[in-house]
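What TrEMBL lists as transmembrane segment is 76-100, 112-133, 197-220, 265-288. Residues or ranges marked as domain 'Palmitoyltransferase DHHC' by TrEMBL: 153-300.
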Amino acid sequence: MRSRQRMFAAVMRLLLKCLRLGRRRRFKLVRQVEQLWHYGHLCLRSLLYNSFTNGDVVLDSLFEPIYWLVDHVTRWFGVVFVALVIGLTSSVVAIVYICLLPLILQTYTPAWICWHLAYGHWNLIMIVFHYYMAITTSPGYPPQAKNDLTGISICRKCIAPKPARTHHCSICNRCVLKMDHHCPWLNNCVGHYNHRYFFSFCLFMTMGCIYCSISGWEMFRDAYAAIERMKLLEKERLQVAANQTYYQTPPPTFSFRQRAFHKSVVYLWVLCSSVALALGALTLWHAALITRGETSIERHINRKERQRLQKKGKVSTAHSMVAGWSRARHDVPLPILQAFRNPYSYGSWDNWKVFLGVDVPRHWITRVLLPSPHLPHGTGLSWDLPPCVMEQHAPLLAI
């Protein structure tokens, strides 16, 4: 009896030991999993932590695959866009020479004929010259070797010196001097050495499209009315032909040449008007940037910098200036705040002279109104005062 009790007690003690050991192992396993979780979370936060991270950085990271796709599509379709520009422009020129020019020579007065011939050919030469120079001229790239320039940074993608106003183009996969943007219609970046060619092409192309739209308005109205008459007469002819035999079908009212002429005039006016609106808006935007001495990228950077300095109270705003004027009338002392200005701006008029390369008055004709392959001021590596700027401005707040 006692032996049975001893055996039962031994079994119970062994069972309790097993339960305690299993509980300890289970608790130990849970503690190890918790430690691994906290360690992994700490490592992840250590790798991804950045004091400058905000909503914009997160959105850029999420849209990075889309940016990559757009960059590669733009790179491969650049040749297609260039061919499209050449094809559309050539079609408009062909319509003008084949359809409109004979009509102008027959109906217009000698004075108007001379005007159309002179202005049309001058505008065409300017468009062709500046487009060719924009797509063939290199925008300018910084040297890869070390140099003695001060105040330069290092590009995070090229791991190379990055002078002021230089930015990395993800499509060209290299840094560009004074980069404005990558233009797929040029299949080239717009930078320091071809920025003037790009803007001049946009300007003269807009002027040419406006000229064709205005001068061809009456022809467009007549051609559109003729096409509507063609459709109406064609419908009546088919109705008459349905009640006759096949050999009694009446001949067509309009010939193929007449149809092609009217449709070509409508095509020319619609295309020129559409391009004038779209390209005209782009030209006005770039003209405003040139007036302020900025590029498209610098416009965004200066706006962010202005907002940052305004939050710190280092620069004045329009609201604070109005409030300051009202307080000044009551003789209340106000803190002196400096207005935010672009450091590369020399004033509206001087900005245009620097951009166009106008050093003397005759350059407005030889370098602006006539094709000119002259180089811009400076090398794009440093930004000294150009010789055409007479007055040195005070130090400005910007980057």
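Using the three backbone atoms N, Cα and C, a Cβ is placed for every residue, glycine included.
In TrEMBL, annotation is done automatically, which means it is predicted and not curated.
Because the structure is a prediction, the values reported are computed rather than measured.
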* How does the model score the domain 'Palmitoyltransferase DHHC' (153-300) in terms of mean pLDDT? -> 87
* Contacting positions for the transmembrane segment (112-133) when only residues 6+ beyond its ends and CB under 8 Å are counted -> 85, 89, 93, 96, 104-105, 186, 194, 197-198, 200-201, 204-205, 207-208, 211, 215, 371, 373
* Structure fact -> Lying 6 or more residues past either end of the transmembrane segment (76-100) yet within Cβ distance under 8 Å of it, the residues of that chain are 120, 124, 127, 131, 135, 184-188, 212, 216, 219, 261, 264-265, 267-268, 271-272
